[in-house]
Amino acid sequence: MVSAILEGKPDKNLILVTGRIHPKLAEDVAEQLGIDVLETTAYDFANGEMYVRYTESVRGADVFVLQSHYKPINKAIMEQLIMIDALKRASARSITAVCPLLGYSRQDKKHRGREPISCRLVFDLLKTAGADRIMSVDLHAAQSQGFFDGPVDHLVAMPVLVDYIRDRFQGHLDNVAVVSPDAGRIRVAEQWAQRLGGGPLAFVHKTRDITRPNQAVANRVVGDVAGKDCVLVDDLIDTAGTIAGACHVLQDAGAKSVTVVATHGVLSGPAVERLKNCGAREVVLTDTVPIPEEKRWDGLTVLSIAPLLASAIRAVFEDGSVAELFDTYPEHHGQGFLFA
């Protein structure tokens with residue numbers, strides 16, 4: 001039941017709905033916006049098909065459908081598609097698919113012949129279902145937002161994470177080196193270094209067999225990290241093979257400490273054990289996907305992405321600028337970092 005409606009221009013109503021993957025994040029976003037999540041009836045039939053129905057009218061509303069594409073990923077995507085279809089048929093004024101983690105984003109190009117570009121397919125499915133706009137956090141490749149025929153708000157968690165790291169290393173930022181886990185993300189590492197005061201950069205050279213998923217070998221460090229507090233930054237940690245290997249290589253190269261930072265903590269299979277035993281001082285993630293208690297440990301810090309999502313949703317609803325959020329963050333939302 002909606003107890004409050006965010007008022008924008010006349011005759012505009014904002015409604016937030018959520019799938020079943022990460023309702024806690026939706027509740028946190030709603031709290032930031034000063035509204036409640038619209039109640040939704042959703043359940044599975046015996047054969048695995050899903051049913052969705054909204055308990056109140058959405059006619060003429062600007063609706064934001066929050067669903068992280070997390071395990072079971074195909075079910076998560078399908079549920080969001082069904083939710084969007086129901087909104088379109090119920091005459092919602094506009095529909096924004098809020099996908100903190102967009103599924104299949106790593107399959108954004110063909111490595112070999114006869115392969116799909118699954119990321120493009122997900123964008124096409126969202127458009128066909130009725131999404132007018134997509135909002136996501138740290139796509140694996142920023143250019144993949146061009147797959148969608150419509151506006152895409154590509155949010156970045158870097159301000160949230162940098163704010164935390166700056167606080168953790170207060171007084172010692174001059175000894176921080178930013179490290180990319182591979183050459184492909186060196187541009188992101190450069191942006192990190194600029195925000196942290198222009199410290200040194202390094203990257204880990206790795207090799208990957210494209211015929212064997214979730215396997216990469218970290219070979220050597222390119223750059224001087226001896227005696228440095230290394231901040232190892234990535235967009236997503238899945239099985240943690242790349243990150244754990246990079247930690248070991250950095251330690252072998254004489255790093256004083258290694259702090260692992262990533263936006264999406266998928267943490268599949270052996271990831272937790274690898275991260276616990278990789279020698280990292282701390283692992284810092286955001287809550288774009290749910291991280292259950294059994295996957296948490298003393299060395300893990302989870303920051304809330306809800307203030308960033310709420311600010312972006314508010315900007316879209318009020319016809320404001322999403323880009324300006326990142327020019328003024330954290331001053332814009334005034335909350336620093338929150339823990340999830």
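The chain as shown is numbered from 1 upward.
Heads up, the Cβ atoms here are built off N, Cα and C, so glycines get one too.
Over in Swiss-Prot, the protein carries these features:
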- ASN47, GLY48, GLU49, ARG106, GLN107: ATP binding site (BINDING)
- HIS140: Mg(2+) 1 binding site (BINDING)
- ASP182: Mg(2+) 2 binding site (BINDING)
- LYS206: active site (ACT_SITE)
- ARG208, ASP234, ASP238, THR239, ALA240, GLY241, THR242: D-ribose 5-phosphate binding site (BINDING)
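Projection of Swiss-Prot feature records onto the structure.
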residue	record	DSSP (3 states)
ASN47	ATP binding site	coil
ARG106	ATP binding site	coil
ASP182	Mg(2+) 2 binding site	coil
ASP234	D-ribose 5-phosphate binding site	strand
THR239	D-ribose 5-phosphate binding site	coil
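Using ARG106 (ATP binding site) as the reference Cα, a 10 A cut-off selects HIS140 from the binding-site residues HIS140, ASP182, ASP234, ASP238, THR239, GLY241.
Cα of the residue listed as 'Mg(2+) 2 binding site' to Cα of THR239 (D-ribose 5-phosphate binding site): a span of 16 Å.
For the binding-site residues ASN47, GLN107, THR239, THR242, the greatest number of Cβ atoms within 10 Å around a candidate Cβ is found at THR242. DSSP assigns the residue listed as 'Mg(2+) 1 binding site' to coil, not to a helix or a strand.
With respect to their backbone Cα atoms, THR242 (D-ribose 5-phosphate binding site) and GLN107 (ATP binding site) stand 17 Å from each other.
Neighbour counts were taken at the CB atom with a 10 A radius for the binding-site residues GLU49, ASP182, ASP234, ASP238; the maximum falls on ASP234.
Looking only at other Cβ atoms within 10 Å, the busiest spot among the binding-site residues GLY48, GLY241 turns out to be GLY241. A count of other CB atoms within 10 A of each Cβ picks out ALA240 as the most crowded of the binding-site residues ARG106, HIS140, ALA240. If you take the Cα of ALA240 (D-ribose 5-phosphate binding site) and the Cα of the residue listed as 'Mg(2+) 1 binding site', they are about 16 angstrom apart, rounded to a whole number. Distances between the Cα of GLY48 (ATP binding site) and those of the binding-site residues HIS140, THR239, GLY241 are shortest for THR239.
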